[in-house]
Amino acid sequence: MASPGSGFWSFGSEDGSGDPENPSTARAWCQVAQKFTGGIGNKLCALLYGDAEKPAESGGSEPPRATSRKAACACNQKPCSCPKAEVNYAFLHATDLLPACDGERPTLAFLQDVMDILLQYVVKSFDRSTKVIDFHYPNELLQEYNWELADQPQNLEEILMHCQTTLKYAIKTGHPRYFNQLSTGLDMVGLAADWLTSTANTNMFTYEIAPVFVLLEYVTLKKMREIIGWPGGSGDGIFSPGGAISNMYAMLIARFKMFPEVKEKGMAAVPRLIAFTSEHSHFSLKKGAAALGIGTDSVILIKCDERGKMVPSDLERRILEAKQKGFVPFLVSATAGTTVYGAFDPLLAVADICKKYKIWMHVDAAWGGGLLMSRKHKWKLSGVERANSVTWNPHKMMGVPLQCSALLVREEGLMQSCNQMHASYLFQQDKHYDLSYDTGDKALQCGRHVDVFKLWLMWRAKGTTGFEAHIDKCLELAEYLYSIIKNREGYEMVFDGKPQHTNVCFWYVPPSLRVLEDNEERMNRLSKVAPVIKARMMEYGTTMVSYQPLGDKVNFFRMVISNPAATHQDIDFLIEEIERLGQDL
């Protein structure tokens, strides 16, 4: 595939300074938006800048330059003095908005009011005095509001109320005290990119319908492969609807690499295939095996040590057992950042075993891949460059708005051979441009959402160094939490030693249990503590943190930090809140 030129398409220098002669990122977007959004793109740019860009001249390969501007509305005043208050939404319906005749003014007013609702929500998300969640039980919400779909349309006043109600009861995942999931935080540039992506409303299967986005996917995936350590960023990749699908892509491609005939003839034409992954790995490996007809029984779970890392000797033992039974080992999936412990499998040792037995090595770095952006922490993924494929979710540790997951493959062209179906109504071979940019045939999907723009725009805004600071801060906050609770009365660590990732796993032991002997009764009572505290957190709306059992360990808290808005004070608050809510248990 030919490489796009430097400048607008590139990420700029590592320090985030970029090329001074290039337009700013947002302005650059507005310069090209008209190519695939038409008037709507110009209107949104007008909302951003108070003016609108004229359509760029056709022809030429250079990104269009800024042109003369026109007013966004009839009044031509800043701020706009159009009589917005005269719009009575009670008498307007969706049919009164664009493309309706004379629909421009109500459309602008309606979208501005929606924007006001969104911006109020954004501001509240960072206000520590607001609740993380206004929790109601499902039956309460069902009874309080009529959520049913009707045959007749509702007016726009009711539609705006639905927008407000939906956000009122939504989780504020950007709140600095929301620690419940691996994906937290709310990045303003990423949010803006998501809005613009939805406005463009295009598909990713061919260059002709997504020219900018296809190029951005190319340069972004190439950059990610360079960071992994593949020479010159060589290889292939795709953005998929989450890490589970990325992992399934890896299984699909690994199977095709070993037995290409399976594409036409199916599983009946190949011997029984066996995949290997750690007992702490993500459940998506088994889901992928089920979906691909390999079967969950063909996924062998490898023992982990006390820190949750795969034991290489057990991996080799299980590979030999499978071969002795006449089965064919085809994939080993190592994990870089397990979901619960945040453990990193020993990738170099796993790579040696995969090379020895000629097995595809996949690294599920959905959670831990972000650490590759940090010079301080990337050593934890040493050996990832030897993998055949890597899953990396920027929507987790890097804070990109959901969804943004990439599957990176070391061998170029393999994904295309595995998945292409040559649909002639999409992938005509006599088009007038370089067909290597028609990337849709290597995807399982036909309709594919534009996920790259959020990551690309954030990268332009933050630079690699900005992501590094983000990662380092979150890891430092996890170390801060660990340093406080490791010797604090009422806390017990699930495993010894400083966490490798931002996962901090611990039990809170209420005063009533501290005097009990470490026996079955104590464990039974301790198992009920975390669920009760979590329920109280949600009912008060003060904070949220996850809990779970694992193996023979009863329910414990799993604290994860991926939101750079969090501070030491938020960690202190969490500790105090756990103690307040659990003191009487």
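Keep in mind that glycine also has a Cβ here, set from the backbone N, Cα and C atoms.
Noted in Swiss-Prot for the protein shown:
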BINDING   Gln181, Leu182, Ser183, Arg558  substrate binding site
LIPID     Cys30  S-palmitoyl cysteine
LIPID     Cys45  S-palmitoyl cysteine
MOD_RES   Ser3  phosphoserine
MOD_RES   Ser6  phosphoserine
MOD_RES   Ser10  phosphoserine
MOD_RES   Ser13  phosphoserine
MOD_RES   Lys396  N6-(pyridoxal phosphate)lysine
REGION    1-25  region 'Disordered'
### Query
For Arg558 (substrate binding site), what is the secondary structure state per DSSP, taken as helix, strand or coil?
strand
### Query
So which other residues, same chain and not among Gln181, Leu182, Ser183, Arg558, have a Cβ within 8 Å of the centroid of the Cβ atoms at the substrate site?
Asn180, Thr184, Thr339, Lys396, Ser546, Val560, Ser562
### Task
Work out how many Å separate Leu182 (substrate binding site) and Lys396 (N6-(pyridoxal phosphate)lysine) at their Cα atoms, rounded off.
6
### Task
Within 10 Å of the Cβ of Gln181 (substrate binding site), how many other Cβ atoms can you find? Include all protein chains, please.
15
### Message
Give me the long-range Cβ neighbours of Arg558 (substrate binding site): same chain, 6+ apart, Cβ under 8 Å, in sequence order.
### Response
Val340, Asn503, Val504, Cys505, Val545, Ser546, Tyr547, Gln548
### Message
My understanding is the cutoff is Cβ-Cβ under 8 Å with a sequence separation of 6 or more in the same chain; which residues meet that for the residue listed as 'N6-(pyridoxal phosphate)lysine'?
### Response
Leu182, Ser183, Ala366, Trp367, Gly369, Gly370, Ser562
### Task
Compare all C-alpha positions of Gln181, Leu182, Ser183, Arg558, the record's substrate binders, and send over the largest distance in angstrom.
14
